[in-house]
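Asker: Here's a structure for you.
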Amino acid sequence: MEQQTPKSNLVLILDFGSQYTHLITRRIRKLSIFSLCISGTSPLKSIKELNPRVIILSGGPHSVHSDGAPSFPDGFIEYVESNNVFVLGICYGLQLIVQKLGGEVRVGEKQEYGRMEIVVEKEDCGLFGLKKVGDRQCVWMSHGDEVVNLPNGFSVVARSQQGSVAGIENPIRRFYGLQYHPEVTHSPEGMETLQHFLFNVCGITADWNMEDVLEEEIKVIKELVGSEDHVICALSGGVDSTVAATLVHKAIGDRLHCIFVDNGLLRFKEQERVMGTFEKDLHLPITCVDATEQFLSKLKGVIDPETKRKIIGKEFICIFDEFAQDLEKKLGKKPIFLVQGTLYPDVIESCPPPGSGKSHSHTIKSHHNVGGLPKDMKLKLIEPLKLLFKDEVRELGKILNVPVGFLKRHPFPGPGLAVRVLGDVTQGNALEILRQVDEIFIQSIKDAGLYDSIWQAFAVFLPIRSVGVQGDQRTHSHVVALRAVTSQDGMTADWYYFEHKFLDDVARKICNSVRGVNRVVQDITSKPPSTIEWE
């Protein structure tokens with residue numbers, strides 16, 4: 001096989017279905033190393049085209065013994081060895097290496113889940129650096145199978161407190177493996193292990209930064225968009241679409257035409273506030289379209305969350321097509337591109353990992369700008385942020401001089417309040433009640449100085465009524481839920497712990513100010529097992 005020199009410092013993660021896979025990507029990027037995640041069953045051609053320096057095989061819920069268990073493609077072993085690519089298997093990835101290279105994996109007599117100590121068994125190894133034999137560290141285990149026989153040339157470098165293989169390596173063939181998850185915070189020394197492996201063993205250089213991302217994206221956009229082509233950008237008022245628009249505007253100037261659609265599913269006075277920011281601070285060319293009736297008429301009677309998202313995605317595209325036709329009349333040339341602020345978490349959650357054959361992953365939900373787009377869409381997509389996480393987008397926004405106050409805005413879903421009113425969004429005055437409740441909640445958070453400490457906060461309208469007493473009279477009114485979470489990228493989240501007095505004050509304000517609400521509850525579920533949004 002023809003030998004190639006790695007084109008970059010890319011660390012490629014092959015995803016075999018672990019809930020932690022995205023964390024590997026995040027942790028490596030925090031080291032200023034560019035990392036990408038694709039399906040573990042992607043064809044070898046896809047891997048070759050990316051030409052990585054390091055490949056990490058993720059964990060996964062499967063057993064290597066199961067029928068149809070996911071595996072890397074045929075020719076993978078020969079490719080990585082011929083091209084001097086380093087391979088690190090994590091959990092299932094380790095077991096896959098052992099099985100494919102001639103070792104043996106069996107169902108473990110003692111399964112290992114949760115926190116556990118491991119003991120280093122070999123000094124000067126590629127995984128544990130300067131650790132000495134006998135050194136211990138706490139790690140996060142999650143496996144039922146275990147390695148019982150290693151392939152030729154491999155050695156055990158660490159074992160669990162139960163004696164199971166916890167770390168292996170074959171430096172000559174450049175294969176390494178960890179039976180635990182170094183990427184999670186429950187493995188306190190996991191980042192140190194990854195850092196040593198990538199820098200000291202693999203020779204990776206920390207040369208990835210947002211300035212380079214900006215430069216590369218501008219170059220890509222200029223190459224994609226012809227010198228006379230015009231582009232439409234769908235501005236939602238959120239951080240993602242705003243940074244995407246500012247980036248494209250920097251690349252092609254006034255050939256960008258922004259559109260803000262009021263779909264009737266926005267927050268309290270959102271149109272007024274957002275349009276003011278766009279015109280006053282960002283100076284983006286923008287047209288506002290009020291399509292409230294168009295959206296709500298199509299959503300009438302719809303209860304299923306996925307159906308809501310599909311309908312909203314389709315209506316957005318219809319409006320963008322109409323906008324493009326109007327522009328054609330003015331410009332004499334029809335725009336052929338649509339800019340959207342799709343992020344990496346959108347891509348991950350909306351479908352199996354990029355390049356997947358859909359064999360071992362499950363769609364969590366369709367995002368309006370990913371899974372909700374119609375197949376017959378006339379406009380071609382430009383998604384300059386689709387490989388970035390939210391915090392990276394905010395960093396990019398700072399470089400582009402987007403106002404800091406705007407960058408700190410909490411995320412708002414593309415389908416808007418449609419996924420925060422459970423059930424039919426057009427029933428009664430659910431939307432108006434939710435807007436008022438949400439405004440009181442968010443303003444209270446700001447008044448308490450808590451807004452910047454929270455990733456996302458919002459209210460949810462529940463499809464139930466409860467009995468209450470208001471003004472000495474029995475009421476049978478609506479119930480609303482409050483949700484606030486902390487997170488780094490939206491892929492995982494913990495619920496925010498408010499002081500009791502704050503919650504008491506907010507609940508009183510809501511029940512006293514919003515007619516039709518007599519009960520307030522708080523959502524204290526983390527992600528996973530829940531998602532941040534309710535639908």
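The backbone N, Cα and C atoms fix where each Cβ goes, glycine too.
TrEMBL: automatically predicted annotations, no manual curation.
TrEMBL feature annotations, pasted as is:
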- S236, G237, G238, V239, D240, S241, T242: ATP binding site (BINDING)
- 208-409: domain 'GMPS ATP-PPase' (DOMAIN)
Asker: Along the domain 'GMPS ATP-PPase' (208-409), what average pLDDT does this model show?
Answerer: 83
Asker: Can you count the other CB atoms that lie within 10 A of the CB of D240 (ATP binding site)?
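Answerer: That number is 23.
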Asker: In sequence order, what residues of the same chain, 6+ apart, have a Cβ less than 8 Å from the Cβ of G238 (ATP binding site)?
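Answerer: Result: G341, R409, P411, F412.
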Asker: Within its own chain, what residues at least 6 apart in sequence put their Cβ under 8 Å from the Cβ of G237 (ATP binding site), listed in sequence order?
Answerer: F260, L266, E270, R273, V274, T277, F412
Asker: Output, ordered by sequence, the same-chain residues six or more apart from S236 (ATP binding site) with a CB under 8 Å from its CB, or 'none'.
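Answerer: For S236 (ATP binding site), the qualifying residues are F260, G341, F412, G414.
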Asker: Using all protein chains shown, find which of the binding-site residues S241, T242 scores highest when you count other CB atoms within 10 A of its CB.
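Answerer: Result for the most crowded candidate: T242.
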Asker: Measure the Cβ-based neighbour count of V239 (ATP binding site), defined as the other Cβ atoms within 10 Å of its Cβ.
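Answerer: Excluding its own Cβ, V239 (ATP binding site) sees 23 Cβ atoms within 10 Å.
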Asker: With an 8 Å cut-off on Cβ distance to the S236, G237, G238, V239, D240, S241, T242 Cβ center, who else from the chain surrounds the ATP site?
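Answerer: Once S236, G237, G238, V239, D240, S241, T242 are set aside, the remaining close residues are L235, V243, A244, G341, R409, F412.
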